[in-house]
Structures are given as C-alpha cells and as structure tokens.
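This report refers to the structure that appears directly beneath it.
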C-alpha cells in the first residue's frame, strides 16, 4: 500500500492492538511486539499514523533503530509525535553515531516547519550530552525561551545535563537556579555535573542545598549516589562516612545502587576495610556490587584478593558485567597473572564483550604489561573506534617493553587520528624520548603538552624533567623542576637522577638534602640515585651513611638495587675485598647481579684472582650472559691459564649462551641511524667507515694509543681481539 494513503481513523479492534503494542514497547518485548505488528498489517491499520508512530516508538525502544527509521520514512505527513518517537529512540541509544543522527533529524524537522515540543527538546539535549557538545543544544535552548517552554521540568533537567556534560557547569547552574521546580533527577544531574569535573566542594554545596529543600518522602537515592561518586580521595573519607550516616537515617540502604556507590566510595578513598564491610552487609548484591568490590581490591593493590573475589562471584552464579571483567583484568596485569588473563580473555569472548571498548582496553593493557605486545596489538587493531585510554595503553606498553621507536610511531598515528592525549599519554611519550635520548623530539613533545593545555603538574612535570636531564640538558630540566607545583617524590627523584647521571654528584646530594629539608620523604628510588651519585664521586663513607639511613631513619629495607649500588661504590673506589665481603654478607636473594658487578670491577682494576673467584661463582650459578664468559676467559688468558680459557668457552657453548652483537645508534635530523658489529647494510656504511678511520688517526695524533684487551670473543670465523682507546 502506498504511504500516501496513511489513514487517521481508529476502530475498537485496532485501538486494542495499539494498547498491546504500547505495552510491549514499555516491556521491550520484541517478539510479542512483532506479532502485534503482523496483526496490524493484516487489519490494514498500519496505514494509520497513530499506529505508525507507536511502531516507530516500539522498534526504537527495542534497539531496532534501522527498522524504526524505515517505518518513519514511510510516513508522508509526519507530526511532532513521529519525529519525537525516532529522536527519542536515537538519543536513548546513546553513542556518537546515534547522537549525530539526532542532530540531523532535528535539522530536517525544523526545515519542514514542524514545531518541536518538550519531548523533542529533551531528546536533543540528551544527544548533545552524549557528544559532550552544546552547539546545536544552544540553538535548541533559544527555542525553549522563544516557545516559553522554560519551566518544563523534563526539558530543563535535560538542558542542565547537556551543559554539565559539555563542561559548561556554570551555564548548567544558571538554568538550574532559574528552574521553578526541581525533582531528584534535576538535583542528581547538577551534583554529577560538578562531580565528574572533580569539583567536590561545589558538588557538596548543591547536595547540602538539596538536603535543606527536599520534600519528606521524596526519592533521593539518585542524589546521594551522585554526591558519593565525587568522593574519590583519602581526604574525603570522613565526609563519605557522614553521608553514609545520613543514608542510614533516611532508610536508603535498601537501594542497591546506593550500596554500590558506598562500596565504590570507600574503595576510592583507600578505606578497603569499610568497603568490605559495606559489601558484606549488602543483602541484595548485583553484578555492579561485585564489580565495585573487585575494582576496589584492584585499585588498592590487593590484586590477588580481586582475583579470589571474582572466583567467588563465578561460583555464586553471578553473571559478570564488562566492568567486572575490566577490574579482574587490571588485577591480573598488576600481578602478572598472564594465564589467568588469557582465561578471562576467553570468558570475555564467550560473554560477547570483545567489541566493548573498556574491556578491550583492559585486555590490551594486560597483554602489554605481560610483554605480549603482538597480542596487545591484535586487540588494539580489532577496534574501529578507539579512545585515548586505548591508545595510551598500547603506547605505554611499548615504552615499558623498551620498544620506544614503535611507541613514538603510534603517538604520531594517534595525533593524525585526531585523538587528544591525556596526562598518561604525554608522560609515556616523554619517557620514550628519555630512553632514546632524543632531545629535539622531546622538545617537540614538550610543545605538544603546552598546545594541549597541560601544566607542569605530576606526571607531566617529572616526565619533562627526566627527559631533559637524560638528554643532557640539565638547565632545562632544572627549570622545569623548579616550576613544577606540588612536587611529589617522583619529581625530586627525576632531578636527582638527572644530576647524578650527568656527573653532577655534588649537586645531586645537595638537592637530596633540600628534599629532606622541605619535608618530602624519600623512597627506594631516591636512595638508588643518591648512592649512585656517591659512587660516581667516590664518596665511600657518605654512601655507607645513606645506605644505613634507609633502614635506621626512614624505615625502608634495602633492595637488590641498593646492594648493587653499594658494590659499585666499593668497586669503583678499589675496595674489591670489602665488596666481596659485602656480597657474601648480604641477607637478600640478589641472584647474579652483584657478582657480575664485582667481576667487571676486578677486570678493570687488574685483580685477577678475585675476578676468577667472582667469575667461577657466576658460572656455578648458571649465568646466561655472554659478558660473564668473555670477561672470565680474558682474566684466565692474562694469567696464562689457557686450559681454563677452553673450559670457559666449552661451558658457554654447553649452556647455549651466544655473544650478543654490539649495537649503537645516533639521532641526526630527527632520524635514527642504527649500527651493529659487522654491519654492511647501512646505505652510508662506506662513508661511516672512512670517518671512523679519520677519527682514529686524529686520536693517535693527539696522543691516544691503541691498547689490545686480552678478552677473547669467540666467533664462527675464528678468534677476534677487541680494542679500545685510552689516554
């Protein structure tokens, strides 16, 4: 039947069908609704605009937007209800694509001179909220004023939500202030507007105003849930407890959403015991309750407990949501539970969450932290729509696994895709620049941080300071450090480390004393940096003082890194016997690293007998590093013990240890040039060889002499001697 024949009359039978379809719309019962649709077609009532509008509404509410749009397009003389049915369907569906469709429908509606009503405007404002924009919404706001629709609580609440989600909280507050009446949704929208922007004080003020104005017996759980979501730091736990008491006083703990919000609040405020008590006392737990507690454990460093709780949830037959899976995946990332993470990946596929952005981001993060970058990349590539969190997870994964070049390539792709970076993104990219010691690129990234409005707060400030320091630009590093507000221990460590590694040990130690004077408590990394500074300066006594200071004054137990710094300190000072005694008295499991440091020092100082002792220790412990065998064989060669040299090489071959090829690189005009031993593939290898020969001749002319090191490097072609220049 041609669409132009749409009728308007209703008969008793079709009126009954209309009521049935409306009921199925409310229940989202797609199967039953389709059956009624079939009956409507058989009676010929589908030509009635009232039925067509209800059909559009039914399919839209059931998520079948393409079908709803098809029926809508068949209506020639559309009324405001027709437009509202489709606009509301798309706006409630959410998402960027649906929200843009709402904007297009609104333009078409205005072009056909259809005057919108309150429901139309509410749909527009909701869609603009999803886009976090207010461009079309402001035009619709002007229509609200023009049509005298201001005062409709449904429209005004949607308008407040649009402005708040677009970040224009002050504009939302203006609308809120002039509303003649407000319901609990209005109050919760305003509180959430401040809460999502981290403006806790303003959120609390609105909440207090609500408590004074709320009517007795009115539903207020949404408002309490909204204000609790704003309390996400330890300093707010006391305020959270007060709100908890008010919920008990008002008898609101029966609302599951509110109980979940309390569990989340206590978890974010690092009060895990209270979160557990709240979880245990929740009588009617749903998947959100379990997710909140799993995430709470994960965020508070109790990753193993998070995994155990998920097992309990699974055993209890509770179907997890994607957010539950995300919480457990994050826990597996933190404790390197790769096998469990893979099982969760399979479970995620079974539940159909593989295309969910949050779940995929957690998967990418888990695989990246476990070093499985190929799997992480597969997860990244399978999604068409990627947000900043997903890009950042993969970029930071490459940086953590020392694939800094790929991290920078991915960052360029991210910029090309128009994704605006966040703090963790920039911190990871700056770390990549630090590792590559590429100053010019680091300066460009610094420019990006300024362009995107990032300040020098943590972590950007400390990452910038580290980058400049590692690239040898200490003046710029110090300038960033001094301008960083609210410095944390990471900021101090970055600058101390930069000074130490650039030969300014005295300045590093002075900065450490300044750190103590300002009341900042040092951590493990701080002591690694200052003992390292003492090592490079030869301050043995001072190094001992700081090593003992860790446990005696700060209460930190020295770790392997601190013992390694002390062995290096003693070795550099020529106190090799003391270094050996220190290693043997160490009460921690240090593996091979301490003996490796001592072996290298013995070789440099010509202490052959002690070097043999350290080298044999390493061989007995099953060292897999070729340098151990190379250095030990060199010492035996110097002693003329050729049988031992042969024994060392046999042991090396038997253990499958091979000599790693030497590699170096330079940055020239924003391009990396990588060279390996025996390289003949570089396009400028001949020019490079000529330049090396020229520099070698100039070094000899300046008084440098070639010294043959007796360390043997065994290769398939034969035995090769390594050479180095000394003055």
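Cβ atoms are placed via backbone N, Cα and C, with glycine included.
Sequence annotations record features per position, and here Swiss-Prot assigns region 'Type E motif' to 594-669. Averaged across the region 'Type E motif' (594-669), pLDDT in this predicted model comes to 86.
According to Swiss-Prot, the feature region 'Type E(+) motif' maps to 670-700.
Swiss-Prot lists 13-47 with the feature repeat 'PPR 1'.
Per Swiss-Prot, repeat 'PPR 2' is recorded for 48-78.
Long-range contacts of the repeat 'PPR 3' (79-116) within the same chain, counting only residues at least 6 positions beyond its ends with a Cβ under 8 Å from a Cβ of the stretch, are 49, 52-54, 56-57, 59-61, 63, 65, 68-69, 72, 122-124, 126-128, 130-131, 136, 140, 143, 147, 385. Residues annotated as repeat 'PPR 3' in Swiss-Prot: 79-116.
Annotated repeat 'PPR 4' per Swiss-Prot: 117-150, in sequence order. Shown for the repeat 'PPR 4' (117-150): DSSP residue counts in helix, strand and coil, namely 26 helix, 0 strand, 8 coil.
Summarising the annotation, Swiss-Prot assigns repeat 'PPR 5' to 152-182.
The feature repeat 'PPR 6' is assigned by Swiss-Prot to 183-213. Long-range contacts of the repeat 'PPR 6' (183-213) within its own chain (CB-CB distance under 8 A, at least 6 residues past either end) are made by residues 153, 156-157, 160-161, 163-165, 167, 169, 172-173, 176, 219-223, 225-227, 229-231, 236, 239, 243, 246.
If you look at the repeat 'PPR 7' (220-254), the same-chain residues 6 or more away from its ends with a CB under 8 A from one of its CBs are 184-185, 187-189, 191-192, 194-196, 198-200, 203-204, 207, 210-211, 214, 261-262, 264-266, 268-271, 274, 284. What Swiss-Prot records for 220-254 is repeat 'PPR 7'.
Summarised by DSSP class, the composition of the repeat 'PPR 8' (255-285) is 23 helix, 0 strand, 8 coil. Feature annotation from Swiss-Prot assigns repeat 'PPR 8' to 255-285.
As annotated by Swiss-Prot, repeat 'PPR 10' applies to 321-355. Residues 287-288, 290-291, 294-295, 297-299, 301, 303-304, 306-307, 310, 313, 361-363, 365-367, 369-370, 372, 382-383 of the same chain sit 6 or more residues outside the repeat 'PPR 10' (321-355) yet have a Cβ under 8 Å from a Cβ within it.
For the repeat 'PPR 12' (387-421), same-chain residues at least 6 beyond its ends with a Cβ under 8 Å from one of its own Cβ atoms are 357, 360-361, 364-365, 367-369, 371, 373, 376-377, 380, 428-429, 431-433, 435-436, 441, 448, 452, 672. The annotation repeat 'PPR 12' is assigned in Swiss-Prot to 387-421.
For 523-553, the entry in Swiss-Prot reads repeat 'PPR 16'.
Proximity of distant same-chain residues to the repeat 'PPR 17' (559-593), defined by a Cβ-Cβ separation under 8 Å and at least 6 residues beyond the stretch ends, is recorded for 524, 527-528, 531-532, 534-536, 538, 540, 543-544, 547, 550, 600-602, 605, 607, 610, 613-614, 618, 621, 623, 625, 628. Taken from Swiss-Prot, the feature repeat 'PPR 17' applies to 559-593.
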